[in-house]
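Okay, structure first, notes after.
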Amino acid sequence: MMSEDGYNTDFPRNPLYIFFSDFRSVLKFDELGLEIARIALPAALALTADPIASLVDTAFIGQIGPVELAAVGVSIALFNQVSRIAIFPLVSITTSFVAEEDACSSQQDTVRDHKECIEIGINNPTEETIELIPEKHKDSLSDEFKTSSSIFSISKPPAKKRNIPSASSALIIGGVLGLFQAVFLISAAKPLLSFMGVKHDSPMMRPSQRYLSLRSLGAPAVLLSLAAQGVFRGFKDTTTPLFATVIGDVTNIILDPIFIFVFRLGVTGAATAHVISQYLMCGILLWKLMGQVDIFNMSTKHLQFCRFMKNGFLLLMRVIAVTFCVTLSASLAAREGSTSMAAFQVCLQVWLATSLLADGYAVAGQAILASAFAKKDYKRAAATASRVLQLGLVLGFVLAVILGAGLHFGARVFTKDDKVLHLISIGLPFVAGTQPINALAFVFDGVNFGASDFGYAAASLVMVAIVSILCLLFLSSTHGFIGLWFGLTIYMSLRAAVGFWRIGTGTGPWSFLRS
């Protein structure tokens, strides 16, 4: 039986039922559907804004020259790779911890307000005013007296700032990690670039080192911004991060041509524009956050550094496992030759870009689930997991149809080479056909994080990576290009399977499904 809130009030004993519960209501805009949409849509838009801005950024840099474009490309790849190690654990953990603390704090405030109202004789704690004039005399009062009597109404006290220790912890950790990353990349820029294949006598070395060193100055702003985004996600507010992201990206796009062409700063101007935009974005997010959270009035005993570091290490292992699988597949494609690498890169970028849309549902699921688990509202937890997984599956099928048709006719946008186009057509069935599996795998990530099941999420992904690496090595050696895509299909299928197994067996935080 469905409640008006959008979740099933009957609690089945078979955990597998959660995947099929109320599937007919998957697109219904009830209370739960609207809450998911309010979180998922801005989150997906914010996630897609940065890649679009990067494309525009790349277009401006490409006007300087091919050497500068290649140099900046290597520097950006290195910067993003180092950043990813810290970003993913920081944002994921912050979202869950803040959502849990905010839910518990709201419950405590409700109970405290209820007790205070009972003590002063108010039966309904939600009333904003106390009636001072008997009902039977209201009709005889003049309008003037009614107006003047309103001064006796009890007004609401000003809203207090939230006291969320995890928010302060995340910002401190983000700031420290950002400073460490900046020092590391600036001091080790030359050897790191050499490791990436840029030789010391290459014409790319000087512009790539200059760009990386300047870009690294923005690392503290990047990590602080993402920590703040994690806090807002925990509050189920993805609109504020979207606003800050758009402002920052637009600023970057405006400053790029000014610094690059008007001031003739070249690569230096591109890096400077990016750093300015990052600090602007960081400033907006911190300003908005300080209006809602008391981030400074926090004793050290309430900060949760140990909890952050423990779960952060688990997710770090997970990030390394995921990154290694994708990097290995690209490396194996490169060994097949430039034609295979070009086709693989086009297919891979399209394959990964579509995941950003599914990540919107993952963010929504994580925030709502973390709040529900903190309140021990297991019916809402089950309903939320069911709904976001079903929405992810529907999205996957829609993307499969769009990519199946779009990439078939639009592949020439990426290349004119007939050999590359032929290989893209071979990879197309995998890119399009795996979209439902990919979407489920990414949404399962959000579901696991929302349940604070970080240990299982890390351990299962490491096991998946080991099996997938063996499959990639074997299949690429026996079947070449198509073998790589068979291997990646196995990898994503296993990622979805371990998520399905955890909930379907009713183990870990999902044991309530069996009770």
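Using the three backbone atoms N, Cα and C, a Cβ is placed for every residue, glycine included.
For 1-35, 80-168, 233-242, 288-312, 371-390, 445-453, 502-515, the entry in Swiss-Prot reads topological domain 'Cytoplasmic'. Residues annotated as topological domain 'Extracellular' in Swiss-Prot, with sequence analysis given as evidence: 190-211, 334-349, 412-423, 475-480. Swiss-Prot lists 36-56, 59-79, 169-189, 212-232, 243-263, 267-287, 313-333, 350-370, 391-411, 424-444, 454-474, 481-501 with the feature transmembrane segment.
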- request: Give, as a single whole number between 0 and 100, the mean pLDDT over the topological domain 'Cytoplasmic' (445-453).
  value: 96
- prompt: Quick one: do the transmembrane segment (212-232) and the transmembrane segment (59-79) reach 3+ CB pairs under 8 Å, ignoring pairs fewer than 6 apart in sequence?
  reply: yes
- prompt: Where, among 36-56, 59-79, 243-263, 313-333, 424-444, do we find the most CB pairs under 8 A to the transmembrane segment (391-411)?
  reply: 424-444
- prompt: the topological domain 'Cytoplasmic' (371-390): which same-chain residues, six or more beyond its ends, come within Cβ distance under 8 Å?
  reply: 5-9, 11, 18-19, 21-23, 25-26, 32-33, 36, 99-104, 107, 236, 361-362, 364-365, 440, 443-444, 446-447, 450-452, 503, 509, 512-513
Segment-segment contact (the transmembrane segment (350-370); the transmembrane segment (59-79)) at 3 or more Cβ pairs under 8 Å: no
Query: Mind checking how the topological domain 'Cytoplasmic' (445-453) divides into helix, strand and coil residues in DSSP?
result: 6 helix, 0 strand, 3 coil
